[in-house]
Each structure stands twice: as structure tokens, then as C-alpha cells.
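Chemist: Residues or ranges marked as region 'Disordered' in TrEMBL: 18-60. What TrEMBL records for 47-56 is compositional bias 'Low complexity'. What TrEMBL lists as transmembrane segment is 137-158, 170-190, 202-224, 245-266, 278-295, 343-365, 377-400, 406-427, 434-454, 488-512.
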Amino acid sequence: MAATSSSSSPCMIASLRSSHRCRLSPSATATSPPRLRTLPPRRCRRNPSSSSSSSRQAAAISMAPANPRHRLIAPIHAAAAAAGGGGGGGAGATSPSGLPSLVGIAHLLVSLGIVLASDKFLKQAFAAASIKFPSALFGMFCVFSVLVVLDAFAPALAKGFMDFFEPATLFIQRWLPLFYVPSLVVLPLAVRDVPAASGLKIFLIIFGGWFASLMVAGYTALTVRKIVQTQLIPAEPMSKPSPFATLEFWAWGAVFVASFAVAYVNPTALGTTARTCLPFLLASTVLGYMVGSGLPSGVKKVLHPIICCALSADLAAIAYGYLSRSGVDAVLGDYLTKAPSNPGAGDVLMGFLGSVIISFAFSMFKQRKLVKRHAAEIFTSIAIASTFSLYSTAILGRVIGLEPSLTISILPRCITVALALSIVSFFEGVNSSLTAAVVVLTGLIGANFVQAAMDKLGLNDPIARGIGTASSAHGLGTAALSAKEPEALPFCAIAYGLTGIFGSLICSVPAVRQSLVFIAG
């Protein structure tokens, strides 16, 4: 045994040497990564022993047997490092467990819930105190004031405040047009008692008034720009909402099919017909908006997502009214009940309008430097355009012989729905459904024609284009401008909120309301 072992030792040593030479052969090193093959000559000359040691280590690493565990661990650590560098949102998006996504959903629910709860609390408080001033507008001023104070004394807290509510503001921005839809869905009920001749007069006021408001706001901004000659600087970048995912389509589609079947089998399964119809009417509205948002830009000029959304909800109401033999009028009545104890799908959507107003505080605070720098152009144009819009509507209604109640109902035609409804609540005997429908129709006209009209009028300045669009076509015009004119969008977003705010403030003055009623007849 000893002889055999000693005789085999030279063979084993020779075999190992041969194996070592093969592993250090040029063919083996050629397969190693380029950074491991050679070392800079200067380093070799300065420290040959270190260079030789590094070369041997590199060769050993490059030619070591592949370890599957090492190959799996390295990308995971690299992904975690990349996600960590991107902040919490990135880490949440790359986690295989899905836990950060749940945290993000919880963050959205908490921040949005606080905004909704604040709006509801303010409404109840103002109603109990018999205060007619828009409660959401007061909440917006409070939030903006808090942000300004925090920014002055503790900027980190102001930033943290903004970051905390960012999911809620992005949610509202993403679904904003959807909150305007209920008034269009129930438009057949709102205009049923309006004579055809009066309807034609209202349309003339809407179209002619929109064009006149655009001219007044745009040319006022241009005139003030020439006087103050403030240099235009880049605005703060505005966050864009995420596109709709395929999973969202399937989820809302499943809700529609299941809830429609339940309502057909048992119309009072949830206690009342309005509550039972709520899920499938809401799903049809959301699906219509998602489909309309994905249409080509050329099609959107004819079939705006808002129109597509309203048509989808109306078709669902017609189908259910026919199959259940209840009639479309009854279904539309369940869509927007205006009864807090028995809400419909439209009531749920319009319940976000107060939150929309409160969210203006965050957008205005984000663009506070821009507002301060161009305060003369912004506030002068908005004040003149808002006043002109209200009084020109009253004058036009009186001139063409429109009924005074209908004229008062359409006074805030150029103000966003959320604040337009608050404005008409100051007056008596108005048709608030008609108010909302007229506001949305004005926005649709502006969304389709505002850019071509401004080109014809020579309104080429970004500030004039932004203010003119918002002052004449509020949120829908802002949405139409956002895709093609990013330099005008910040001014449009600012004017969109401030126009409604200024209109609400002047209409809260009794003397102004009395003068408008007197002019309307």
C-alpha cells in the first residue's frame, strides 16, 4: 500500500500541474471579462507582487466553477440597491412580496380619506352655522395658509406635508374629468322642462360667451405683460397621473357584469334601487372614461372622453331600464338622487368636488414662485375675466329674452363645476343640474376649439394662452392644453383654480348678487 501510494504521488502532482497550466492557458483567460484580463502597465511596474497577486485572484475568480447561488444573489442585491436609491416608491415597486404596493395603497387611502373627511366636516360645520360661503373654498385657504407658514419657518415640514398628500392630489388629478360627468348623464332629465327656444338661447350664450371670455382674458394678459415686462422663467414640473392598466379594465368590467346581474335579479338587493344600481352605473361611467381616454387624438376631437363617459353610463341605464322594465328615467333618477341617505353613482362621483377645491391649495403652493413673479398678469386677468363672464352672461340673457331663472342658473358658465354649484346656491329658484351641464358643455367647447381660436386671435404668449384657456374653459380646457403646451400648462392650472375662487368671492357679496339678479330681470 505504501509503495502504491508513493508511486502514485508523482502522477497526481503532474496531473495537478497540468490542470493548473490548462486553467492559466490563453484560451481560458480569453473567456474572462475584459476588466479581469489585463492590468494597467503603470500599476504592474510599481508593484509587481501586488499585480501578480491580483492577476492570480482575478484568474481564479473568472475561472472558478459557476455557483448558481452566487448568480441569483447578485442581481437581487443590485436591484435592491437601485430601488433604495430611488426612494420608497422604487423599493415598493420592485419588491417581490408586493408589501410596498399595499403600503402605497394604504398611503393613498389615508391621505385621500383625510381630504374627504375634512371636506365633509367643513360642510356640516358651515351648514350648522348657516354660512353660505363655500366650505371647501375655506378649507383650501386654510391648507394653503398652513403650507405657507410651514415653508417660512420649517421648510422640511412643508415638504413632508406636500409629500404625504401627493397620492391624494394625483388621484384627484387622474380622475378629475370623471367628477364632472354626472351632470351630463342626467342631462335629459335636467333639460326636460326647458323649452326648445330657451335651449337654443342657452347654447348661443354658451358658445358666444366662451369666445368673448377667451378674448377678454387673453388680451388682458397680453396688455399687462407689455406693461410689466416680466421675463418668463421655467415653472416647477407638474406631476402626470399614471396611464390606465389592463388590469383596471378587467376589474371594472367584472364589477359591471356582476353588479348588473345582481340588480337584474333583485333590484332591491342592497336595500334600495339606487344603491343596487350604484355599482354597475359607477363601473359603466368609469369604463367609458377609461376607453375614451385611450382613443386616438383625432377621435377625441369628435368624441371627447367626457362624452364617451356620459354615453357609456346612459347606455347602461337604457339597457337596465329596458330589461327591468323600470324605464330609463327611473334609472337616471337613481343615478343622481341628491339624497345623502340614498346615494347613487353620480352622488358618489360628485362627492369628490369639494376635495377638488381643497386640492387647489397644493397646486398653488407648488407654483407659488410663479404666482408671485407673474402676480400682475395672473390676478388682473382673472379678476377682469371672471367679472366679465358673470355680468356678460346676465346681460346676454336679458337681451335675448332668456327666462331670469335660467339666466341665473348659467351665470357661472366659465367656472369649474365644484365652485359653480356653490355660486348658484347663493341664489333662489335655480336649476343646479342645468348649471352643471352648462359648465361641462362650455368646457367641452373650449377643449375642442380653444387652441385654434387662440392661434387665430394671435394669443401666442404662454401666459396669455394659459390664462385665456382656464378663464373660458376651466378644467376641461386645462386638460386639453396639457398634452401639447407644457409651457402654458402651469398658468392654466393656476388660473383654473383662481378663476373659480375669485368668482365665488365676488358672488358672496350681497350687492353683487343683487346687481346680477337685477340685470337678468
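In case you wondered, yes, glycine gets a Cβ from its N, Cα and C as well.
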Chemist: Which range wins on Cβ pairs under 8 Å with the transmembrane segment (170-190): 245-266, 278-295, 377-400, 434-454, 488-512?
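Modeler: Of the candidates 245-266, 278-295, 377-400, 434-454, 488-512, 434-454 scores highest.
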Chemist: Could you tell me what the rest of the chain brings near the transmembrane segment (488-512), counting residues at least six beyond its ends with Cβ under 8 Å?
Modeler: 132-134, 137, 140, 217, 235-236, 238, 357, 360, 363-364, 367, 370-371, 374, 378-379, 381-383, 385-387, 389-390, 412, 414-416, 418-420, 422-423, 426, 462-463, 465-467, 469-471, 474-475, 477-478, 481-482
Chemist: Please indicate, using numbers and ranges, the residues of the same chain that are 6 or more beyond the transmembrane segment (343-365) and have a C-beta under 8 Å from a C-beta there.
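Modeler: Result: 112, 115-116, 118-120, 122-123, 134-137, 139-141, 143-144, 147-148, 151, 158, 162, 165-166, 168-169, 172-173, 175-176, 178-179, 181-182, 185-186, 238, 274-275, 277-279, 281-282, 285, 313, 334-337, 371, 416-419, 421, 493-494, 497-498, 500-501.
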Chemist: Counting only pairs 6 or more apart in sequence, are there at least 3 Cβ pairs under 8 Å between the transmembrane segment (406-427) and the transmembrane segment (202-224)?
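Modeler: Contact criterion met.
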Chemist: Would the transmembrane segment (434-454) count as touching the transmembrane segment (278-295), if touching means at least three Cβ pairs under 8 Å and pairs must be 6 or more apart in sequence?
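Modeler: By the criterion, they do not touch.
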Chemist: So, taking each listed stretch (137-158, 202-224, 245-266, 278-295) in turn and counting its Cβ pairs to the transmembrane segment (377-400) that are under 8 angstroms, which one gives the highest count?
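Modeler: Stretch with maximum Cβ contacts: 202-224.
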Chemist: Give the nonlocal contacts of the transmembrane segment (278-295) in its own chain as ranges (CB under 8 Å, at least six residues past its ends).
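Modeler: Hits for the transmembrane segment (278-295): 175, 177-178, 181, 185, 244, 248-249, 252-253, 255-256, 258-260, 262-263, 270, 303-313, 315-317, 320, 331, 334-335, 343-346, 348-349.
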Chemist: By Cβ distance under 8 Å, which residues at least 6 away from the ends of the transmembrane segment (202-224) in the same chain are close to it?
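Modeler: Same-chain contacts beyond the flanks: 194, 376-377, 380-382, 384-385, 388-389, 392-393, 396-397, 400, 402, 406, 410, 413-414, 438, 441-442, 445-446, 450, 453-454, 457, 459, 461, 463-465, 467-469, 471-473, 495.
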